[in-house]
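Residues or ranges marked as heme b binding site by TrEMBL: His8. Marked as Ca(2+) binding site by TrEMBL: Thr9, Thr62, Asp67. Residues annotated as disulfide bond in TrEMBL: Cys15-Cys47. Residues annotated as domain 'Plant heme peroxidase family profile' in TrEMBL: 1-139.
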Amino acid sequence: MVTLSGAHTIGNSHCTSFTDRLYNFSGTNSPDPSLDPKYAASLRKSCPSTGPNLEVPMEARTPTISDVNYYKDILAHRGLFSSDQALLTNPATAREVKSNAMSSSGWKKKFAAAMVKMGQIEVLTGKTGEIRANCRVVNS
């Protein structure tokens, strides 16, 4: 999972996916203390607490390049999502984050293998599965 999380190195996210980390983390009316304060301030400029649902790059330095900057950002407490930053809370996943940050070629090989493996998962169809109208909600 740590390897596949590296897909967050490219693409954008809607601010609503993480603004709780910037303004009201766990109901504290404060930012997530695990976020680098300068990074949090930068995100607050791009993502006001109210207003339009804007987007920001998931990894700001090289947002259109698949690289290990995602992992370097996590180590610097600049993970955009709580799930990204949580990778440092377990010694085993933290080791993987550090390993991936240090080896671009190693991460790319692991990522390619993980994508192939994930592609071999059989899709559930008919009464055993569903295609969700909204990825976050089970169809009713």
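Any Cβ shown, glycine's included, is placed from N, Cα and C.
What TrEMBL annotates, mapped onto the structure for a quick look.
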residue : record              : CB count, 10 Å
His8    : heme b binding site : 20
Thr9    : Ca(2+) binding site : 24
Cys15   : disulfide bond      : 20
Cys47   : disulfide bond      : 23
Thr62   : Ca(2+) binding site : 14
Asp67   : Ca(2+) binding site : 16
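Counting in whole angstrom, Thr62 (Ca(2+) binding site) lies 11 from His8 (heme b binding site) by their C-alpha atoms. The residues near the Ca(2+) site, meaning same-chain residues not in Thr9, Thr62, Asp67 whose C-beta sits within 8 angstroms of the mean position of the site's C-beta atoms, are Ile10, Glu59, Arg61, Pro63, Ile65, Ser66, Val68, Asn69, Tyr70, in sequence order. For the pair Cys15 (disulfide bond) and Asp67 (Ca(2+) binding site), the Cα-Cα distance reads 23 Å. The residue listed as 'heme b binding site' sits 18 Å from Cys47 (disulfide bond), taking the C-alpha atoms as the reference points.
Of the recorded residues, Asp67 (Ca(2+) binding site) and Cys47 (disulfide bond) place their C-alpha atoms 25 Å from one another. Between the C-alpha atoms of Cys47 (disulfide bond) and Thr9 (Ca(2+) binding site), the distance comes to 19 Å.
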